Structures are given as C-alpha cells and as structure tokens.
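Inspection log for the structure reproduced underneath, given as structure tokens.
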C-alpha cells in the first residue's frame, strides 16, 4: 500500500510541477482535499506535494487559474498563500509589467467580489484574505509605484456602498500593518515613510469617513467605518479629533444606537486616553456629553450586576467597554474635572457607575475597575502621606488637615473599601479552598491570575487603609461580628474577610493593629470552637493561620500571643483534613523566619527559651506529619537555631535538633559496617533519602554553623555515595540501562542527589572558603568525580555538575588549582552526552553550562592553563550553547561568551593569539544565530557581543593581524570579511545593502539599542529579494543617518582627553 501511495504522490507532484502543460485543477483540488480530510501517510504526501509546488519560483503564475476555476475554497486559500509568498519575498525581482499585472488582477478580483452584498457575506473569509494580499502589495508599491492609491480607493468607495464597506476594511488593515505591526516586518526608514504618507494623505480618508457617518443609512457600512476609525485614532493628527465634529457625532449620533454603541464607546475611550494639555475644553465636553447619554441609556439606579448576568453578549461587552472608558478618562483627566465645581456632581455620577460596574461578577471587568481604584487611592495617599487618617465623619468634628481632594472623594471611598473587603482575592499562602463542587480541599495548582489579582487588591486596600484606617477597621469588625452571630456566615464571606484582614498588615499604627488583631483572633478561635464539622473547622483554621502569618510585627511585640499561636499551629499539625497540616507547617516556617530571635531568648515569665520546649517535644509534635511536612518543620526550627549567637549554645541546640535523624542514620551505618548489603534494602535506602532531605532543609536554615552536623556524617555519607554508585553500576551491567527506572535504583539515586544537594547547600552558605577548600573539597572530589566519569550516561547525576558550579562560584580562586582535575572528569564525557542533539539530558545541559559560566567568571586563569585542544572544546561547547533551542541554555551561552571576551581582553599575554585563532570564527557563528529566526529572543545580547567585537577592532585593541596570510589594517579586513560572509549566505542582497549594513556595525557600536535596531532592519531585508531597484530601502537616507551617528560618536570621544591617539587628532586641535 505505501508503495502505491508513493507512486501516486510522485505522479501528482510531477504533473503539478510541470509548468509546460496546463494546470490540472481537479488534481490540485484532490491533493488539497487529501491534506484537509486525509489521514497519516496520505496527508503527509499531500503536504509534501503542496509544499514543493508552493516553493517553485513560478508557482505564482498558476494563481489566477486556481482562483478562477477551483471549486474548493481551501484550494483558493492555498493559491492566495502562494501569491502572498511571492509578494513578500520576490516582488522586487519580478519585471514591472508582471507586478502591474498581479496588482490589476487582485484589485479587479476584490472589486468583483466585494461589489455584491450577498457575495460579501457568503465569502467573508475569502475576501478577508484577498484584502490582506492587497495590503502586502501596498507595502511594496505605495507610495512610489502607486502614488494615487488613497485617492483611487476613496473615489471607488463613493460608487457602491458594498465596495465602500470592504474598502474600509482594507484601510483598517493598512493602518494596522503600518502603525501596529511594522516592527521587525519592515525597516525603520520604510516604516517612517509609510507612516508619513498615511498622515499626509489622511484628509481624503477622513472626509470619506465623515461622509459615510453623516449620510449613509447602511448600518453594516457605518459599523465598518467606525471600526476603521477606531484603528486610526491612535495615530492621526489630533486636529481631526478635536477640531472637527467627530466627538459630538460619535456621542449624539451613534452612542445610543445599540448596533453602534460598543464601537462608539471604544472610539471615545481611545480619544480619552490622549494626553495633551491644549484641548482641555474638548475633553470636558467629551466627558459631560458622554455622561448625559449614559444616564439615558443606563439610568443611575440600574442594578448593573444583575443586568450583566442576564445580558446578551453585546450588552455584556458594553458594560466592559464602559468600565474601560471611565477608567481611561478618570485616570487621565480626573483633576481637569475636579477643578470645575459645576462638574462635581457629574464626577460623582461617573464614580457611582464605576462602583456599580465593580460589583459585576466578571473578573476581567473587575480588574479594569481595580486599576482605577488603585490609581485613585495611591494618588490621594501620595499627595499627603502623613495627613491624619482618622475619619472626619467618625470623629465628630471637621478635621481641617484632611486635604481637599481627599474630602471630595471621602463618601465614595467608604463604598470602595467595603467593595474591596467583600471581593478580596485568594492569597498565595492559602492552601485550603472550596472547589466548584462545594467541597473543602487542598489546592495543588497555583493560579497566577488569582495571585496577581490579590496583589493588586492588597495594594489598593493598603492605600485605602492609610487614607482612613478607622473606617477600614469598622467595616472589618462589623463583618466579623456578622460571621460570629451567623447573619453573614458562609465559607466565601469568611474567606474574603480574613484575606482582607491579612492583607493590610503594617498599614495601621502599631497600637491600633494590636487592639484590632486581638479582637480578630479571639473571635476566630471562638468561631472554631462554636462551629461543628471538619470542613467548617478546616476553613476557619486556614483563615486563622493565614492571618497570624501576616502579622509578624504584632507577634514579635507580644510573646504570650506568639506562643499561643505557635502551640495552636502544633495542634493543627495533628489535624488530618486535607491541606491543614501543610498550611500549619507553611505558617510555622513564616513565623519562624520573621520572629526567629524570640524563640532562642528566655522570655519574661518563662524558665527556658521556647526552642528548648520545641526540641524536648519534637517527637510528639511531628508524629502525624508526612515526610515532606517534617522537612518543612525542620527548616522552620533551623531558622530559630540560626538566630542563636552563642556558638556553644548553638552547637548544643544543633545536636539536640538532629538527634532523631542521627539515631536512625547511626543505626543504618552500623548495620552497613557489618553487612554492606543492607544498602540494597528498599526500606533502608528510602530512610536514608528522607534523613538526607531533612539535613538539606535544616542546613538551608541554619547556614554555616551546620558544619558541626555535616562534619559528623560527612565521610560516612560519601562512603554511602560510593557504595550506592557501585550498586547502581552493577545493576546496569547486569540488566542494562532500563534498570535505572526501577524504584530501588531511583531511591539510590535520590540518596546520591540529596548528598550533593546537602554539600552544595552548605558550601553556598559557608563563610570560610579556605577551610572548605582544604577539608571538604578533596574527599568530595575523590568520591564523585571518577564515579561520574566511569558511569554510563544515564546514571550520571546532573547534580555533580551543579555542585561543582556552586563550589567554583563560592570558592573562586581557592579552587582554581582543582579545575583541571574537575574538567578531566566531567567536561568531555558530558559534552559527548549533549552535543548530538538539542534535546537529550536537559538537566545535564543546563548544569554543564552553569559550570562553564562559573569557571569563566571566577577561575578564568584555569581556562588558560588547560591544554589548547581542551580550550578549543570549551569554545566549541560555548558556541553549541548559544545555538541551542532551549532558551535558558542559549542565554547562558551568550553570557559566557561575552564574559569570556571581556576576560580575554584583560589577559595581555593570551589575548592576541586568542583573537588570531578564534575572533573570525566566533563572529561567523554569532551572525548565524542573528539571522536565524528561532533565535530572535537573544537579539539584545547578540547586539551587545557584536558591538563589543567591532569596537575592539575599531579601537585597535587587536594588534595582531586577523588575516595573517595577507596582513592589512584589521578594520578594512573585517569590513571585507563580514561583507563576503553575508554575500555568500544571502546572495540575493545588493552590494549597496551589504555595504551599508557593515558601515552601521562600526558607526553604531557604542549605542546598543540603535545597533540592535540596525540588526533588526537587516533581518527584514534578508527575507526578500531586492532586485535592481532598492529605492524603498531608502539606503541614502539610512547612510546619512549612520554618518550622523558616527560623527556624534566621534564628538563624544573627542570630549574625553586621551581617548584618541595623538596622531588621530586633527591638526587644528593640536594647538
């Protein structure tokens, strides 16, 4: 069967690609059908045939036949793809008469298809694609080869309403292509010319839009015109907006017509966002007229929340657009309206609408409103941060030190506070949630959207609290009271209230905070006793834990309360409801970090530090926790121990702290000494992994002083490492590499990994590099390096590489002497694992380059000490890195290269031979990634490296000849070398283009943003064949701009004494 398929495909391909005979349209339709409706091999064959045909340089000559005779819409779309391809890439090399022919054909086809209203509706997608083709032609032809385009399209629009409607779409697409999407699609100079042409000829387009809006009764045409106008508003000269009847037409004629209200409101929003001072009156008019219309369309007493939930799509869109309009206008022009006393009421009405819209149960709309409330609260606070925040309404007498703007917004801010408290989003720390089925469960996936919403709401509520903390407290206390008495009790209400209470930590005066919090925690603890049922208790517990975790200042100041809270957390650690134990451990660690010192001091009324109580009862506290929760608990206690400053006391605490894990560890080591096979027992290996994880977390918290515990287990741990390595190797030899997937082998590898994590974690926190280098590094290298080298690739631990990287980063010069030994063991064998492709061993890949980066940054002399063959491998691997498809690896590769180049420049002895051997090579490889579209993300770094390299040559830092065979001035050589390199890679470029590009590489090498845009322009040019006519590349203009840039650079340099060699200074300046 596959053989027959191949024959058929070959036959189809031969027939379709034979341009000497007529196109068999039925055959083409069949192949296209195969692509869309076939499966497997059949589909792949069709894809191959169509790709071959599309890439054929003469394929475009078949497009008219395809569009005219094909019965299949997909085939027509395929024909348009061919046409688009030729316009974008080969237009400049087509003879003029053929360009004119294609242009006439496309215009004719659009006129024919769009003149018939029924056809327009039926073939919407097809016409849309034809329009896009025309716009691609315009980007090549207009204004030079088609100066009359704007008057042509405006003239044609007056002949037929249906045609006019489609022409509006074409103008809208052209505007988008030139003003919104031009970056990276057309060169900067060409983009500027197209923008200038659009602005210069806009009056004709504007008159057409005005004519339609004033005279047409054709609703779809008017709608299309408004949509097009919307796209123009962000770039047209402002006179067209503010010195014509446009604003009043939009408001009076279209805003209250259901079909046009959404697009009209979007237009008004776009205008509202303009920031200029000379049109103040027009903005006031815009605001007052829009508000008048709004009150007719949507009376102020409307329940917008209800209207939204019952509304149709376009009604819901209208409410969203309304929020955008109000938010945009008020953020930009609120002070303009505030100044006018006669508009105060209108301003309050606008804020009332904002409040009503803020209550709509739709997150996207709420985010828009929140943006405004945040802006307003922040502005009012920043104007006078230290004004009293007591509420004048509550304190009975008028406070004259409340700033006037604040007074104006006061009544509204009461309502906004209530809104924020009632709608507070879920913070990241809360793990116990109610799911869609109404069950209380542990949340596993973090919702970044919800976290961002929480952060913005938190910030807004903090500002609102600063503006009037009495009111904030009143709202929260009342709402809490209603939870306790049951009138507002629900999980959702309790959650949002507690999340809001937690979010204002630090925004009240300390005394007020204390009074408020004591009430809150007492009420919540009471609620916990009062409510029955595990779910209720879990929700209340999660809220108590969240709030206490947010108020470390309060806890630090009130020891009794802190102790009560921590004991309550220990209670929750026995509560097996989903998520409660996790949250108890997470809250405990937060409190431990923020209040660490209080646990190691003897507090008033206590006989010993609380840490001793914890360590005495540690067994009882953690007996119901899961292993990973125990690890979190150990980390928390570690922060407390880390705060003890008396070394002797601290060492005693560490011994007591690690007693439980050490007992199990010692027992396993003793058994292993008698019978090493115990290290093949699954349960034992699992225990070892868990003990080491505990040590890792403890070390992370205690820091350098953990050395006393590390030293105690260090050599045994490395022996276990070696022993497990041998077990793994033996298993692989006996059963092949698949054995690494088995649970026991995976547990053994966990032990190895955790060993490396413990060592690297401690080294990164240590403070005595010499002691580490002398006592800890030698046994480590002995245990891990040879093992890594000997292992089969699948069994090599990527952590070995990251551990070495951490050691190099931390110890710097202290470890330089060991680098050759480390490299011998890990460099080549890892490189052979990752240089076959870009996918396998992703962790080894990342860590390998992190190690290279560490050596490059901290032990660069070691690079110069390794043999030349190995250094070449290092450089090859850096080049391999920046060509990577994995973004993080490519970025690391570029950073290593840049640092390497800068380091080499400091090494006089090695620099010149390095440049002679590698400079041109590196340049060539950098250009290969610059011109590779899959690497555009790295363009800034490419620009920095290239600019640095060209600058080295220009400033004469490279004294050796880059071309020993024919020694000429390096700058002249480099200009020719790069020009030839680019010409051979892109033979379709004209000499003038290449010459100008190379000139820019020298002129702009001290202005990275300009250098980067210069590269981006070049990337646009290599996509298309330029032909003889390069006028629309505006090379002369670009040349003048580059010359100016060069002169500017020269002037800047002249102003720095000594920057130029005395022989480079012009004669008249020598005197």
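Easy rule for this one: first residue shown is 1, then count along the chain.
Cβ atoms are placed via backbone N, Cα and C, with glycine included.
If you average pLDDT over the domain 'Importin N-terminal' (46-112) in this model, you get 93. The annotation domain 'Importin N-terminal' is assigned in Swiss-Prot to 46-112.
Feature annotation from Swiss-Prot assigns phosphoserine to 391 (among others); the stated evidence is a large-scale study or a structure entry.
For residue 446 (N6-acetyllysine), other Cβ atoms within 10 Å of its Cβ number 10. As annotated by Swiss-Prot, N6-acetyllysine applies to 446 (among others), with the evidence given as a large-scale study or a structure entry.
The feature phosphothreonine is assigned by Swiss-Prot to 448. Taking a C-beta cut-off of under 8 angstroms and a sequence separation of 6 or more, residue 448 (phosphothreonine) has no same-chain neighbours.
In the three-state DSSP scheme, residue 450 (phosphoserine) falls into the helix class. The phosphoserine annotation in Swiss-Prot covers 450 (among others) and rests on similarity to another entry.
For residue 454 (phosphotyrosine), the same-chain residues lying six or more positions away in sequence with a CB closer than 8 A to its CB are 424, 425, 426, 427, 428, 499, 503. As annotated by Swiss-Prot, phosphotyrosine applies to 454.
Using a Cβ-Cβ cut-off under 8 Å and counting only residues 6 or more beyond its ends in the same chain, the repeat 'HEAT 6' (602-639) has close neighbours at 559-560, 563, 566, 570, 573-574, 576, 581-582, 585-586, 588-589, 591-593, 596, 653, 656-657, 660, 690, 693-694, 696-702, 706. The annotation repeat 'HEAT 6' is assigned in Swiss-Prot to 602-639.
Annotation note: residue 693 (N6-acetyllysine) sits in a helical segment as assigned by DSSP. Within the same chain, residues at least 6 positions away in sequence whose Cβ sits under 8 Å from that of residue 693 (N6-acetyllysine) are 627, 628, 631, 754. Sequence annotations record features per position, and here Swiss-Prot assigns N6-acetyllysine to 693 (among others) based on a large-scale study or a structure entry.
Sequence annotations record features per position, and here Swiss-Prot assigns repeat 'HEAT 10' to 1002-1039.
Taken from Swiss-Prot, the feature phosphoserine applies to 1031 (among others).
Contacts of residue 450 (phosphoserine) defined by a Cβ separation under 8 A and a same-chain sequence distance of 6+ are given as 425, 426, in order along the sequence. Secondary structure of the domain 'Importin N-terminal' (46-112) per DSSP (helix as H, G, I; strand as E, B; remaining residues coil): 58 helix, 0 strand, 9 coil.
Here the repeat 'HEAT 6' (602-639) has, by DSSP, the following mix of helix, strand and coil residues: 25 helix, 0 strand, 13 coil.
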